[in-house]
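These come from TrEMBL:
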- 76-89, 285-297: NAD(+) binding site (BINDING)
- R96, R106, R134, D221: substrate binding site (BINDING)
- D221, D245, D249: Mg(2+) binding site (BINDING)
- 4-356: domain 'Isopropylmalate dehydrogenase-like' (DOMAIN)
- Y141: site 'Important for catalysis' (SITE)
- K189: site 'Important for catalysis' (SITE)
Amino acid sequence: MNARIVVLAGDGIGPEVTQEAQKVLGAVAEKFDHHFEFDHQLMGGRAIDELGTSLPDATLEACRTADAILLGAVGGPKWDNPHAPDRPERGLLALRKALNLFANVRPVKVTPQLIGASTLKEEVLQGVDMVVIRELTGDAYFGPRKEAGEEGYEAYDTMLYTRPEIERVVRLAAETAMGRRKKLASVDKANVLASSRLWRRVATQVLADYPELEVEHVLVDAMAMHLIRRPASFDVIVAGNLFGDILTDEASMLAGSMGMLPSASLGDILNAQELPLGLYEPIHGSAPDIAGKNIANPLATILSAAMLLRHSLGLTAEADAVEAAVEAVLQEGVRTPDIAHTGTEVVGTQVMGDLVVEKLLA
Ligand SMILES: NC(=O)c1ccc[n+]([C@@H]2O[C@H](COP(=O)([O-])OP(=O)(O)OC[C@H]3O[C@@H](n4cnc5c(N)ncnc54)[C@H](O)[C@@H]3O)[C@@H](O)[C@H]2O)c1
Ligand SMILES: CC(C)[C@H](C(=O)O)[C@@H](O)C(=O)O
Ligand SMILES: [Mg+2]
């Protein structure tokens, strides 16, 4: 097949990890006889530096017309000035919103080979295999906001959800659970927040259509605890934008590192007539502390590329092959520093990418 993949490398380790994912996608094209065009576009901090805006019009247009989008990460201390007119992260939020990518799918799977990389006990990690579906275009991220300004007294961000916003993401989570172990946990803070009470009411109504599902409503603070106490008991978790953001960084440590969790940001896939345009990105950020050192773990981005193959290009065998190649490399005890433990061989970002390619082409 022919596909145009927009690559938004971004800032910090973004270019380092997307380079490895592109290498792997190139190997997929070679092995399976596809033609992928990689269309590099500016977004985030570099776009502010070069074009004065975090999401240039040309980038948005290239994304809209692409078959899929692969993103590294944006942001960093260079652009942290609170008085600057634009921020790298704003471009990412604007892109998600413009493409109506309301569901951020974040699978959390503990590979047996990585249990040693975690600080948690083996019996807690055994069998962890969940999908967190994070709502991505609502909540405090997009509600009415007031910045304080230099001498400002107050500032606020409003947690705003509407019924349709909750309905569509909960339905997507329910359908996902129906195709898995039929368990769904919906996260909210309904004991305190009005938006969460609406979330719980709407979720309950939607889930009435799925009597086969085993449903639990969990308060977000308790969820933070349950995630490390009984992670294997979760199948699909659905949460609002902010709670989902925080809980998945926590959940990444079940898998061993932030460098292991991929994600797919999708729109209305339940009613789609054709393969959906999606944005695929690791859940981690631009990791300024390790940028430019060739030590970042590229696997989250490589696994995001596998999700891209599966969801936006419909290439299931190819996606499986990438995931199998990653597993094979881990099986051999090769690790980037973030997931290294006793008895493993430590390699850099580029060698990790090369080894995945090698396994893929073997
Ligand atoms: N999607 C995105 O573009 C995205 C996501 C999260 C954060 N950010 C931005 O990134 C910047 C840095 O944020 P942060 O430091 O809080 O979070 P971060 O995710 O960049 O880093 C947190 C910690 O995890 C480590 N880490 C992250 N990815 C790694 C990888 N692939 N391999 C090995 N270690 C890895 C980092 O070294 C750091 O110690 C901020 O500007 C933030 O807004 C962007
Ligand atoms: C950088 C930031 C806007 C982003 C978010 O909060 O959505 C990040 O943390 C993520 O998880 O993708
Ligand atoms: Mg995050």
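Using N, Cα and C of the backbone, Cβ positions are placed for all residues, glycine too.
Remember, TrEMBL labels are computer predictions, not curated facts.
Among the recorded positions D80, R96, R106, R134, K189, D245, the residues whose Cβ sits under 6 Å from any atom of ligand 2 are D245. Listed binding-site residues: G76, D221, D249. Those with a CB atom under 6 Å from ligand 1: G76.
When the Cα atoms are compared, A84 (NAD(+) binding site) and R134 (substrate binding site) turn out to be 29 Å apart. Nearest neighbour of R106 (substrate binding site) by Cα distance, taken over the binding-site residues P88, D245, A287: D245. Highlighted here are the recorded positions (Y141, D221, D245, A291) whose C-beta falls below 6 Å from ligand 3: D245, in sequence order.
With respect to R96 (substrate binding site), the closest of these recorded positions in Cα terms is Y141, chosen from G76, D80, Y141, K189, D249. Taken residue by residue with DSSP, R106 (substrate binding site) is part of a strand. Cα distances from D249 (Mg(2+) binding site) to the binding-site residues D80, R134, A291 are smallest for R134.
The candidate set comprises the binding-site residues A84, A287, A291, I295. Of these, A287 has the most other Cβ atoms within 10 Å.
Classification of A291 (NAD(+) binding site) by DSSP places it in coil, neither helical nor stranded. The secondary structure of R96 (substrate binding site), as reduced to three states from DSSP, is helical.
Here the binding-site residues are G76, P88; the one with the fewest Cβ atoms within 10 Å of its Cβ is G76.
Here the CA atom of R134 (substrate binding site) lies 7 Å from the CA atom of D245 (Mg(2+) binding site).
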